[in-house]
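Scroll down for the structure; my scribbles are underneath it.
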Amino acid sequence: MAEHREFFYRRLHSLLGVVPIGLFMVQHLVINHFAVYGEESFNRAAGFMAGLPFVLLLEIFVIYLPILFHAILGVYIVFVARNNTRTYGFFRNWMFRLQRITGIVTLVFIAWHVWETRVQIGLGNADLDYSLMEGILTNPFMFWFYVIGVVSAVFHFANGLWSFLVSWGITQSPKSQKIATYAVIVVFFAVSYLGVRTLIQFAYGV
Amino acid sequence: MAEQSTVTFIITRQGGPDSTPYEETFEIPYRKNMNVISGLMEIRQNPVNAKGEKSTPVMWDMNCLEEVCGACSMVINGTARQSCAALVDQLEQPIRLEPMSTFPVIRDLIVDRDRMFDALKQVKAWIPIDGTHDLGPGPRMPEKKRQWAYELSKCMTCGVCLEACPNVNDKSNFIGPAAISQARLFNAHPTGEMNQSDRLNGLMEDGGIDGCGNSQNCVQVCPKGIPLTTSIAAMNRATNIQAFKNFFGSDNAH
Ligand code: SF4
Ligand code: FES
């Protein structure tokens, strides 16, 4: 592996973005969506996740380390691109650019989000329950910060899924790539709906 | 419609690899069916700029004059293309000419495309057939494969796809689309296939195929209409399989 280190890291980057990070994100938003069915059911769902066996190990190896690796290499990938949508305003080139923008936005959002929730719970300053999120999201500024963060993360995931299919050589023909584009658009709207619907529930109780 | 009598060129010039670029405007008499190169030839004959000052001839590269050699690529009104195939009548005036920004400038519009030839070496874009004795005729190629391989063989190393790629620049070491497609071409050849792992391993070296970020500009701009993104995706699959073979497999040759 030593001689092809860069290749290996880039493939790992692509893989981690989908498994486990992407899957975790979808799962996270599905669990949170239980808030829409009432405070009680959110607390039960979140409590179930927090009560999984080996939860700290799961968090470290399925969430923190993969995200850290994806983020560090990702920032480097953003840095080496010279965006040129002004001259070459093609759809995919815009997706390329947005993938980089949403990556950075998502990174800032996740850092803040983890600090405000998981870290505070870990330090014993907060409890994992409905009212924690309600307290954060009733502030309109934070509400919009979360909306932007969640939509960016979902975009980055959906478009990343498209790139994943190309990077792993699954979609090769232009036709299959086009169908994949439609498929990830559906993923984007469906998962965004889950996320934003939950935020509205916490912020406005509806 | 009034006959146009002059054509204006605004050219980004540069004396040598390390000199500062500057713009110079030229006005030349219009002729019917001119292309950009015939305009540059006109300037060469009488290098006087639009202010009437005596200047030096503008340097550019060319060879075939029919869009098959790739030497004459430059940025014309913002987009990279072949100057021999750029007709003045179809261009907005004034016509702006710049050297391609991805490559080091040698002088004026001449750029150094060495990195593209180095890339072809990295992926061994040739078929080794020399032996110490006559090896006899090689295997035949299926006609259907020949048809798509022929499309890939049209690449003229012109550099337009590298110029359009956001990941080919001085901060990155990405090999660029052209060489990836050439690796696919030579791996498709029944004799070339015997060395396919060498080419795939070349693509997996640092600065290889992994630098692709799927902006897909290359396939939009290639003057030869080469299906570059299909080639990249196909080589993505092939290199991944090769990586597994290298790690888990027992047969290194193939
Ligand atoms: S692939 Fe097309 S754009 Fe790229 S160098 Fe070859 S001919 Fe030029
Ligand atoms: S001179 Fe050969 S492509 Fe223009």
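Indices start at 1 and increase along the chain as displayed.
Just so you know, glycine gets a Cβ as well, placed from its N, Cα and C.
If you check TrEMBL, you get these features:
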TRANSMEM  A:12-31  transmembrane segment
BINDING   A:His28, A:His70, A:His113, A:His156  heme binding site
TRANSMEM  A:51-78  transmembrane segment
TRANSMEM  A:98-115  transmembrane segment
TRANSMEM  A:143-167  transmembrane segment
TRANSMEM  A:179-200  transmembrane segment
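Applying an 8 A CB threshold to same-chain residues 6 or more apart, the list for A:His28 (heme binding site) is empty. Minimal Cβ crowding within 10 Å, among the binding-site residues A:His70, A:His113, A:His156, is found at A:His113. Neighbours of the heme site: apart from A:His28, A:His70, A:His113, A:His156, residues of the same chain with C-beta atoms within 8 angstroms of the site's C-beta centroid are A:Ile21, A:Phe24, A:Met25, A:Ile67, A:Thr106, A:Phe109, A:Ile110, A:Ala153, A:Phe157. Nonlocal intrachain contacts for the transmembrane segment (A:12-31), taken as residues 6+ away from its ends with a CB within less than 8 angstroms of a stretch CB, comprise 45-46, 48-49, 62-63, 66-67, 69-70, 73-74, 77, 150, 153-154, 157, 160-161, 163-164, 167-168, 191, 194-195, 198. Comparing A:51-78, A:98-115, A:143-167 for CB pairs under 8 angstroms to the transmembrane segment (A:179-200), the maximum falls on A:143-167. Same-chain neighbours of the transmembrane segment (A:98-115): 67, 71, 74-75, 77-78, 81, 83, 145-146, 148-150, 152-153, 155-156, 159-160, 163, counting only residues six or more beyond its ends whose CB sits under 8 Å from a CB of the stretch. Using a Cβ-Cβ cut-off under 8 Å and counting only residues 6 or more beyond its ends in the same chain, the transmembrane segment (A:143-167) has close neighbours at 10-11, 14-15, 17-18, 21-22, 25-26, 29, 95, 98-99, 101-103, 105-106, 108-110, 112-113, 136-137, 177, 180-181, 184-185, 187-188, 191-192, 195-196, 199, 203. Residues of the same chain lying 6 or more positions beyond the ends of the transmembrane segment (A:51-78) and with a Cβ under 8 Å from any Cβ of it are 9-10, 12-13, 16-17, 20-21, 24, 100, 103-104, 107, 110, 118.
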